[in-house]
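Chemist: Below is a structure I'd like to ask you about.
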Amino acid sequence: MALYSAAAAVLQGLERGRGGVKSLVYNSGFPHVRQLYALVSETLRYSPVLEKLLAGAALLQAEKKLPPELAKVLVYDLLFGKGLKCGGRWKALARRHRARLQAELARLKVQHRVSRNEDLLAPAASPAAPQVPRYVRVNTLKTCVDDVVDFFKRQGYSYLGKAASVEELRALSGKKFLLDLHLPELLVFPPQTDFHDNVLYTSGHIILQDKASCLPAFLLSPAPGSHVIDACAAPGNKTSHLAAILQNKGQIFAFDVDTKRLATMNTMLMRAGVTAFQLAQQDFLTVDPTDPKYRKVTHILLDPSCSGSGMVTRLPQEEAAPSTERLRALAGFQRKALSHALSFPALQRLVYSTCSLHQEENEAVVEAVLRDHGSAFRLVNTFPSWPCRGLAAFPGAESCLRASPTATLTQGFFVAVLERHRDGDAAPSSVPAAAENPQPAEGAEPGAAPKKRKRKKQKVK
């Protein structure tokens, strides 16, 4: 049953835009990742067929407690895989409906005039997804960039120094790597470079995280000692990034509704050396902003569920455009979450981000919430050197950031930085230093130049 549950959790993560197949599989905590990856990939490949079978056999109507993602996995293995090998009560449930499902499959073959299961599949998509580099974030809670660079050089990689342009990243090949031109603790390797079995990854010294996904914590830039909320936290890469920026000083409150994802996240954070955090299985919308526990929360990172349309590492079967109804529902939830986040009384700075390309989930959400909150908060024109800006949906949208495989060699992403408006402030502000110096000195305002500090980290052997 563990295999099917893990596969269903990965499918749910994809549906909520939490990452691509590979990252969700490797962050699942399931011990046999190859087996899990194969099952998820094949279930996705047959997904349109499975949806027709489930609808035709009315399986979800008959078994109302059966989650749709789990139903897909079970029916795939029952009809197209090697047969159900485990599953407990769910296995028994699927077998009860086997005759009905097989009849529906036979009907579908007759309808499409095919004799083989494979012939029910749509032709493979022609253009491959854009290739983005392999980004490696150095975990400064355990080590430093120089030591990681030395480690990879000893493994036969050639270090080319700091990149001067996106084109240099695009030209990477073989065993060559660069320091990113924008983010100071991000190393860049050629696409498809795999470090999941590397000792630095398994020990938590490096985090495999796309560059665009590093932007939210980097631009939130809380000073060490701050109290921070990560509102929709799992799988935890952004949480560990926040902890590194905070130098494990202060407090991170991280929320997610999924118990298993939180358990996996807890393991990952412990491996990364994160100490100052509290995890809670709770919907962020139910968190009380007036709770004394959160009276010192000055920074919030809000990366809510979204369509995931910017995730270029997805398989072709996942790339169908979301329906208008789904986009409307997602945007409604995102507006509620952002409005709720802005109600925390001590909040000074917030980052809203999605891995979506759709304006409805991005600029439109920010515009609607800022309109509701009047002059209390404003957009910050941060990171002016970033090449892609927000779509001109409303005045000030150009202060937002967008990322894309073609322009920034990253996943598709959207980031907006909001600050509480103080009397006498000029609006909107421009804070380039927040991008150049993501870790200001304790007590300094966002964007202030940080004091130099000595690092004594574990030497990478």
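Cβ atoms here come from the backbone N, Cα and C positions, even for glycine.
Copied straight from TrEMBL:
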| type | residues | note |
| --- | --- | --- |
| COILED | 91-118 | coiled coil |
| BINDING | CYS232, ALA233, ALA234, PRO235, GLY236, ASN237, LYS238, ASP256, ASP283, ASP303 | S-adenosyl-L-methionine binding site |
| ACT_SITE | CYS355 | active site, nucleophile |
| REGION | 425-461 | region 'Disordered' |
| COMPBIAS | 450-461 | compositional bias 'Basic residues' |
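Could you place these features in context, so I can see how deep they sit and what lies close by?
Modeler: Counting residues 6+ beyond its ends, the coiled coil (91-118) has Cβ neighbours under 8 Å at 1, 49, 52-53, 56-57, 59, 62-63, 66, 74-75, 78-80, 84 in the same chain.
A simple way to gauge crowding: the CB of CYS232 (S-adenosyl-L-methionine binding site) has 20 other CB atoms within 10 angstroms, across all the protein chains here.
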Chemist: Let me make sure I understand the span of the S-adenosyl-L-methionine site: among CYS232, ALA233, ALA234, PRO235, GLY236, ASN237, LYS238, ASP256, ASP283, ASP303, what is the greatest distance between any two Cα atoms, in Å?
Modeler: 19
Chemist: Tell me the Cβ neighbour count for ALA234 (S-adenosyl-L-methionine binding site), meaning other Cβ atoms within 10 Å of its Cβ, over all protein chains shown.
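Modeler: Excluding its own Cβ, ALA234 (S-adenosyl-L-methionine binding site) sees 27 Cβ atoms within 10 Å.
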Chemist: Do me a favour and check the Cα-Cα span between ALA234 (S-adenosyl-L-methionine binding site) and CYS355 (active site, nucleophile); whole Å is fine.
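Modeler: Spelling it out, the Cα of ALA234 (S-adenosyl-L-methionine binding site) and the Cα of CYS355 (active site, nucleophile) are 14 Å apart.
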Chemist: How many neighbouring Cβ atoms, not counting its own, are there within 10 Å of the Cβ of ASP283 (S-adenosyl-L-methionine binding site)?
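Modeler: 13, counting other Cβ atoms within 10 Å of ASP283 (S-adenosyl-L-methionine binding site).
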Chemist: Expressed to the nearest Å, what is the distance separating CYS355 (active site, nucleophile) and LYS238 (S-adenosyl-L-methionine binding site) at their Cα atoms?
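Modeler: One finds 13 Å between the Cα atoms of these residues.
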Chemist: Calculate the per-residue pLDDT averaged over the coiled coil (91-118) and state the result as an integer.
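Modeler: Averaged over the coiled coil (91-118), the predicted model reaches a pLDDT of 86.
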